[in-house]
There are 2 protein chains.
Amino acid sequence: MSDIEIAQRAKMQPIIQLAAEKFGIPAQDLDPYGHYKAKLSLEYVDSLSHQNSMGKLILVTAISPTPAGEGKTTTTVGLGDALNRIGKKAMICLREPSLGPCFGMKGGAAGGGYSQVVPMEDINLHFTGDFHAIGVAHNLLSAMIDNHINHGNALDIDPRRIKWKRVVDMNDRALRQITVGQGGPANGYLREDGFDIVVASEVMAILCLATNRADLKERLGRIVIGYKSDRVTPVYASDLKAQGAMAALLKDAIKPNIVQTLENNLAIVHGGPFANIAHGCNSVTATQTALRLADYAVTEAGFGADLGAEKFINIKCRAAKLSPSAVVLVATVRALKFHGGVAKDHLNQENLDALKVGFANLERHIHNVTQNYKLPCVVCLNHFTHDTDDETAMVVAKCAELGVKCVISKHWAKGGEGAEELAHSVLELIADETPKLEFLYDDKLPLRDKIETIATRLYGASGIVMSDKIEAELKELQANYGELPICMAKTQMSFSTNPATRGAPSGHTVEISGLKLENGAGFIVAIAGNMMTMPGLPKVPTAEKIDIDDNGVITGLF
Amino acid sequence: MSDIEIAQRAKMQPIIQLAAEKFGIPAQDLDPYGHYKAKLSLEYVDSLSHQNSMGKLILVTAISPTPAGEGKTTTTVGLGDALNRIGKKAMICLREPSLGPCFGMKGGAAGGGYSQVVPMEDINLHFTGDFHAIGVAHNLLSAMIDNHINHGNALDIDPRRIKWKRVVDMNDRALRQITVGQGGPANGYLREDGFDIVVASEVMAILCLATNRADLKERLGRIVIGYKSDRVTPVYASDLKAQGAMAALLKDAIKPNIVQTLENNLAIVHGGPFANIAHGCNSVTATQTALRLADYAVTEAGFGADLGAEKFINIKCRAAKLSPSAVVLVATVRALKFHGGVAKDHLNQENLDALKVGFANLERHIHNVTQNYKLPCVVCLNHFTHDTDDETAMVVAKCAELGVKCVISKHWAKGGEGAEELAHSVLELIADETPKLEFLYDDKLPLRDKIETIATRLYGASGIVMSDKIEAELKELQANYGELPICMAKTQMSFSTNPATRGAPSGHTVEISGLKLENGAGFIVAIAGNMMTMPGLPKVPTAEKIDIDDNGVITGLF
């Protein structure tokens, strides 16, 4: 059965009832969206903040993934279900899926097999409208910028130095670089512009890092949309008086969403910044709420640990004073063989030699988690039907050599039951030690050194390079925003900036090709190599196969 | 008190409970969106279609409006409340507000004063996400077009003859005319394009005219996105296999929304095509559902009767086999003085001479309703505090001369109570006669004659003109789509194509400046004069004043 078929057979409980049963959440603090989705009131979220007890945070991250992904969300759901099965009070925290990729190649992002959150179609299509609200808030600011210039440009915005693009929740390469304002005076001034996908919007990152409505509005006001004609004076969203209306548009989007797994356990699914261009984790509000409601909060960080976990720790944990009690590193035999040089079409055949070579990728991620962040780690080998016993045994043995436990987990096929061993291993890890999280760098470290630290200590690079122009830009940012953390934008496919370099490359050079100040989110994006903030559709997009019948049953979504 | 302050003081009832009480709608047939908004299941809508009894349809339309609008929505709500007050079972049917104008000059569209639907902020901002779903469905098709061309253009689409633009729910003049696909081969082929506001999308019109999911998908597939390189062969959305995914995106948007008035009466608020470029009425599903649930369904048609009512009758009533039992023509003393030549800043001063001259506008609309469509009509003089007794008396007397009753209505200040006299007058009208609706033209009439009929018989024009190019285009459309009705796109400010020509101009010429086939919606748009399908923001947009406080209370939205 396909994921959507499994999801459509789920026996869902009314969410209001389930939230009351599982965590005693009062009905009046939940806004229902249909019968199986709800938003938590911020008053309730706030009321929780006065309690002292906090659950343990479990971070699920992964090796450098193949294009199909290695099952990070699936594992997060499976582990959450397993913890609940063995009698623990656990809450799952996920990012919301992006609409665009549903119609392209990647598909949805609500887990897979028997480890999914439901209603799957709703979560993948529109959900509770958060991303639409973010998109409109973003585009309102865009419209206000061009409108301000059109009506006399009292703020003296340099139209050539506007950094704020527009967004759409679609994979649409034709919109990456455009010219706006054509057609004469009635349509404003001509300038170059472009569209990003909504998940790449700074508004998305802001929503995910804001701790309440006041913080949200302040961050929105702090957005730097570009510079004045003196080239250096920043223009803020607050100069355009945009932050109030933007925050009003986000009035509901800021509230965390609650849904359930196939096994009727609760999951908070909220926010979803791109893990390659933004920080790639769900909202701080979601994570903190889960930690206050449950004894264990299981959350995920986008793409491989070099991207998602790095930002989870150095950006989100730093900002929100969070600290994971354990890390689950998801790997697959398939992806390890891929890193060992096997072509995509041959990943279903046993290949122990390639597996051994490709293991280097996992080893590097283990090293990063345990040595750089000083966090305890367990490897979850997400089992695929073609994996042979010799292959899985080799991964387990090689992990053991590194002093790390590797659990073969079958939650995709069996749900929570299949991840029980993983759950026990995580609990042992948490019982064994109380880790003291170390950040990779200090706030005070100069921006250039922060980037270099990430590249050398985490990516295994020998150093970083950048053009004189970028170097000068970095210097300017250092003067005014030097204490901000770095948000690396890098391919998720490799430790290097070249997606084709698999395994665990060393001694390579990381070229910084661009910088982007996200002052509202509170970080500086450093673009490593060639990164796109607007995907395209493939030759045969999934959209061609998606359908809905006369009764509203959807097919072809995966 | 401002509209939003009045709305925020409303004593709302939980909508599920209210729907059960008032119309016996079962809870399981309602999807709640928060506690005060809900969507009706299509199964329930369908179950109603098997009953024979139908309520009476009351159409609220207006004279040619000033830029502020004359209170058509306010009157629709007030009349609905009044009918309920005097013991009738009445349901209100409104269009959804468009987000963009909330941030510009026009503001929201949920009624005003004590005749509003609530929750006002929710209805004006995002509501249940219908317009976002429509926007994404539209933009998915756009992305699939450019993607198809990028990957080899097997359908041989002429990139110069693509008629399908992109949409965004924002007033953003910079996006009216753009160039997409810049930046080299990775971003596709360069071509000229543009954005319309979401309400101008054909998908919006389709959603409003579709009678069920199958009809929706078929209409989406029928959309003509442009032509092949032979210049004449149409390319359909179904050629791109887009209709299934588009319909899936509209899975919830197709369900009618239920909210309540300040007086706790039910209103269906669903769909909202532009009344100048599209047909400007709420969904057929909404109107039919209201007629099946209630004894009286009160609905509105956008802008003045020359635009909204004309399309309501000749497009919507024709397609959905509806027939109004009575028409309410909304006028204001202010607007009549405006039509009599008074400047915007002097409308609050008594001016009987100007009122007498401006009455010609109302007279023309009365004539059109009663003589062209043969529908019984009552004039609602929507009372403003500055109206003098002599002014209102003059309007009443002049209407009486035409054999039409004019009721001074104070629902803005008093809610349903203020519209009770109007309600009684409407009921008398319905009791007195059973009208036999006449369409303005027959399906078989050639397209050119249809346009000419509208211009001469409704607008008072002496005839139509068009360039040879448009003439040739019309001829081609005649060959293949000759039986479709015409959807006129004209300024709402005047019977002519010049917004500055007030009153009731005669003998003018209507220039047809463009044609647009909307094959999925089932009409041909004829653009009269200079029409914009993407508004701009004013120098000081309302967005600057909109705010939200730490507790989520919104201000500045009107």
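Using N, Cα and C of the backbone, Cβ positions are placed for all residues, glycine too.
Annotated in TrEMBL:
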- B:Thr66, B:Pro67, B:Ala68, B:Gly69, B:Glu70, B:Gly71, B:Lys72, B:Thr73: ATP binding site (BINDING)
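What TrEMBL annotates, mapped onto the structure for a quick look.
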residue : record           : Cβ within 10 Å
B:Thr66 : ATP binding site : 18
B:Pro67 : ATP binding site : 11
B:Ala68 : ATP binding site : 15
B:Gly69 : ATP binding site : 19
B:Glu70 : ATP binding site : 25
B:Gly71 : ATP binding site : 28
B:Lys72 : ATP binding site : 29
B:Thr73 : ATP binding site : 25
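Look at B:Gly69 (ATP binding site): DSSP puts it in coil. Taking the centre of the Cβ atoms of B:Thr66, B:Pro67, B:Ala68, B:Gly69, B:Glu70, B:Gly71, B:Lys72, B:Thr73 as the ATP site, the nearby residues of that chain (Cβ within 8 Å, site residues left out) are B:Ala62, B:Pro65, B:Thr332, B:Ala335.
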